[in-house]
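Reviewing the structure listed below.
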């Protein structure tokens, strides 16, 4: 539209002819209609909130962009899969969703490091000013939270210790009597110390170590929280007896873990790593500081549940606004099964410690909705709308996007001292549907779990799905008695298949995903699936299979993994993932994932330890391998005392 001044017409009148005014108004009204109408096509009403947020509230960054999450690291593929919060080689972090896959890249890495270093240094200077204030602020928040409960918030730690059947660290810290096994355990301990020392030297206070460039990585997955590798390592250092290192970690948490952040965080990742890590550290040591910290953090996660259905969204602002939204790549603003389904263990313990039932209520409401809605063929699809409470897509996976939901069903039953009958029923019903629809046998005789896309099978199994051997075996004793041996056999077959995915590669490490079609068996056929990022799931299943069968092959397979990690992933300043497990000459991705310290090395250490180190009768591991105690309500509410041995600290 051209504005033209006419003779004899004032400027205030805009100098427009009547016909021009009419055309202008018509154009303007059409533009306004178009803009406001577009809002109704956005996939989630949360987007409206984000557009109209005032500046006093958090204005989200592009944390939920598909590129950020797609490294899934724990997760490069074209479909985001629940990565377990992984950090990409580019320095971006995906959500553990346990799972999105990422495609490593080294392009411009050095330039990126320099840019990031300057910004992180400035952030560190600003954060350091608030360290002295954070402890008092944390206490105030905890006090405020507890006032709302109108209950006695004291937790009797001494009574809790008496309710354990065995000392957490065993009689001799799980020291094996066999010299070879002891030597192997000491090697794993040395690997942990090496990884930790390099993290401390080059990345202290950052979330993860980048060992090739010898600097730290923060990422955008934890909403401004720092020290993910420190919190993730607390219990590993403690059970390995690395007490100097543990004390350094404890001091950092006490003085420098600032929970007053104002960034966008993955609800899932913060829960399994920070909440799980702090809970575990408290239960193992009795240090009240860990309890204070975790109660503050737990309260910050509650606003994510403020949805029409009570199903939490995946991203939450940890600041005062508490706004939440779904990941940008999630279909139609949906929530992810493996995210909202992986909160139960930690939230039950938050209620135990605070004597505030709100945390348990939140996760039980999730169960209530899941039991109410129809499940296709008894299966749980990966995407659920937090607004309508309906499934968004019929994609089912025991790997990325679905995995830990099933894990937490059986573990909720075990952690309840086998009193949570609802969790038990849901787990065995789901397992029955999985066996009927997803479990397949390859022409070569390998048992695997395919993915299900609206009734069509995708004959792919992800590394993340390899946890399922351990999941099936820990539930073998509590299903129908006539199916016990069947479950033991199924667990052994799945674990064998995952071992094959390792043994069929040049590095003897497994790819991110492997296929069973086109003549392939237990091998990756796509370049984007060939990487290994220090994942723990296969070793996790070795540990559980050893504990419950004592078949020596699982320790041998674990030692094969140790040798492969040492040969291909150990570099001068830590451990790094590799980009192609089939390449004779490896290319490293420059990332020492925090879950390598929390899960991979812990499971290896337990594999080569006696069974009385964190005995399964007393402890259940969350999906980040943080041990949480079995809740014995009758003991805790009574006099307590199921054994008279002094627990180790």
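Note that Cβ sites are derived from N, Cα and C of the backbone, with glycine treated the same way.
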Residues flagged as transmembrane segment in TrEMBL, choosing from 22-42, 43-63: 22-42
Alpha-carbon distance [residue 623 (Ca(2+) binding site); residue 269 (active site, proton donor)] in Å: 10
Pairwise CA distance, residue 537 (active site) versus residue 466 (disulfide bond), rounded so that it is a whole Å: 5
Active-site residues: 269, 537 - member with fewest neighbouring CB atoms within 10 Å: 537
Neighbouring C-beta atoms (10 Å sphere around the C-beta of residue 498 (disulfide bond)): 28
Residue 623 (Ca(2+) binding site) CB neighbourhood, other CB atoms within 10 A: 29
Cβ atoms near residue 466 (disulfide bond) (within 10 Å, other residues, all chains): 31
